[in-house]
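**Q** Copying in the features that TrEMBL gives for the protein in this structure:
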{"type": "DOMAIN", "residues": "A:67-270", "note": "domain 'ABC transmembrane type-1'"}
{"type": "TRANSMEM", "residues": "A:20-44", "note": "transmembrane segment"}
{"type": "TRANSMEM", "residues": "A:64-93", "note": "transmembrane segment"}
{"type": "TRANSMEM", "residues": "A:105-127", "note": "transmembrane segment"}
{"type": "TRANSMEM", "residues": "A:139-163", "note": "transmembrane segment"}
{"type": "TRANSMEM", "residues": "A:219-242", "note": "transmembrane segment"}
{"type": "TRANSMEM", "residues": "A:254-276", "note": "transmembrane segment"}
Amino acid sequence: MALRSSTRWRFRQPSVIPGFGLALGVTLTWLTLIVLIPLSGLIWRSSGLGWSNFMALVLDERTVNALTISFGTAFIAAVVNLFFGVVLAWVLVRYRFPGKRVIDAMVDLPFALPTAVAGIALTALYAPNGWIGSLLEPLGIKIAFTPAGIVVALVFVGLPFVVRTVQPVMEEIDKEVEEAAATLGASRFQTISRVLLPGLLPAGLTGFALAFARGVGEYGSVIFIAGNLPYVSEIAPLLIIIRLEEFNYPAATAIATVMLFLSFIMLLVINSIQAWSRRRYSNGA
Amino acid sequence: MALDTSPAPSASSKLVKAATSETRIARLTLIMVALGFVALFLLLPLATVFIEAFRKGPAEFATALRDPETFSAIRLTLIVAAISVPLNLVFGVAAAWAIAKFEFKGKAFLTTLIDLPFSVSPVISGLVFVLIFGANSALGPFLQKYGIHILFAVPGLVLATVFVTFPFVARELIPLMQEQGTSDEEAALSLGATGWQTFWHVTLPNIKWGLLYGVLLCNARAMGEFGAVSVVSGHIRGQTNTMPLQVEILYNEYNFVAAFAVAAVLALLALVTLVLKTALELRYSDEIAASRRH
């Protein structure tokens, strides 16, 4: 059977399980209606703008600033999450301490907590009269209503991504590798930095990319804490909404198309990292 | 406080243990860094929601929730979730059946397409529906002529929510059903069961906890979605405001106690979701997908 199917092209391998047509039909119909038609509608509308018009809208100073702020803050937040996420995953996998179960479960809080709730809570904390904000103000540090506030919100939102991609890979590390490194004379620091961390690199990068991609598009948790000052702390998703409210559909469409294009590139990067990691370490990150 | 920070006792001798674990000081430092980070970024914000909600006492909190506009926001959120989640549940099962039980060309590509909504900004997820159904779209005049309201009404909210929560159930079921293979179903079919009987009596019991897990996450996102819903809602008070949007309105009016009261209800929902999710992971870890990424 395997031989025959390899000599002749067929759309699907024969199977005794029924329902392929129905299941695939439902899937494709729903996917087309909900995802593909709406997204291609966006591309179609933006292609109707014409190239020079489109570029003029995208290269508008306020738009460029908003995109820079979105990508810049998301990048910084992802770097912070990469560092603390790896430490947190390490502590959760390797050590025992009271409340570990609860902390482990709480890592998923940003997935479960609505972004608007996170946004107002972080603002209340980091505003000049908030618990943390009032501690920082005498030091001359302002977090809320500045780009630093955006980073804080994006760190919250992206936190689970690094932990949850690195954690399972860490759990599978074979202790013998560490023992071998130790018997060959490596110090504990050398074992971690030269033996363990390189193995965690693909998972770490995947988590970083996921957190970064999420941060770029994030809206709900950011708008409360950002202050939303044009050219300074205005993120690209907010600018899309502002343009929509001005009924400036071409500008909203153009910004959205650029963001969509960039997130497809990131999706591609994430998939390549995972494919590379599977080839190299034969464990999916 | 006695902190037992020793690594899990897997190493056999003390010597090996010393060579493959960190010094006590290093362990303590790492734990403190991790816990400090969690406290600062997770626990404090969560506590803030409840503290701010009860800042003026439980009576104010209760009054804020009894407001008719807040009440209608709660109702609308429940309606939208009650429509969106079952739709994506049926889709998720169908997609997982096709992808996990069969081998066909373009399967990897189809899986990527299903994941697509996760990599789209919520604002764009709302915008695409404004571009299709808005007043200046191709469909706009037609909808207006027949008085069909999609934007700034429940259908628009449902569409945006379905888009945003699209991958949740499918993503949970596909790896699970791939792991389980097709031998159970083949056995049932060879014993004379029909396709539907096989699905109801063989497949469904195998995937029920995974399915519940996916539905749980899907529902949490459906009820909490803000960006996408914000774009299509039109913010008509008492009519098209979901709970997260009501939080925003109250907050922007400096009605902080009321804003945090609604936020506290949503935070409670998030906590219940986390507890159920953790319980499922602990109790039925074999019966939900091995990869728990979102």
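Every residue gets a Cβ built from N, Cα and C, even glycine.
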**Q** Looking at A:20-44, A:64-93, A:219-242, A:254-276, which one has the highest count of Cβ pairs under 8 angstroms to the transmembrane segment (A:105-127)?
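**A** Ranked by Cβ pairs under 8 Å, first place goes to A:219-242.
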**Q** With the transmembrane segment (A:64-93) as the reference, which stretch in A:20-44, A:219-242, A:254-276 has the largest tally of C-beta pairs below 8 Å?
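**A** When the Cβ pairs under 8 Å are tallied, A:219-242 comes out ahead.
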**Q** Mind checking which residues of the chain, 6+ beyond the ends of the transmembrane segment (A:20-44), have their Cβ under 8 Å from one of its Cβ atoms?
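**A** Cβ under 8 Å, 6 or more out: 12, 253, 256-257, 260.
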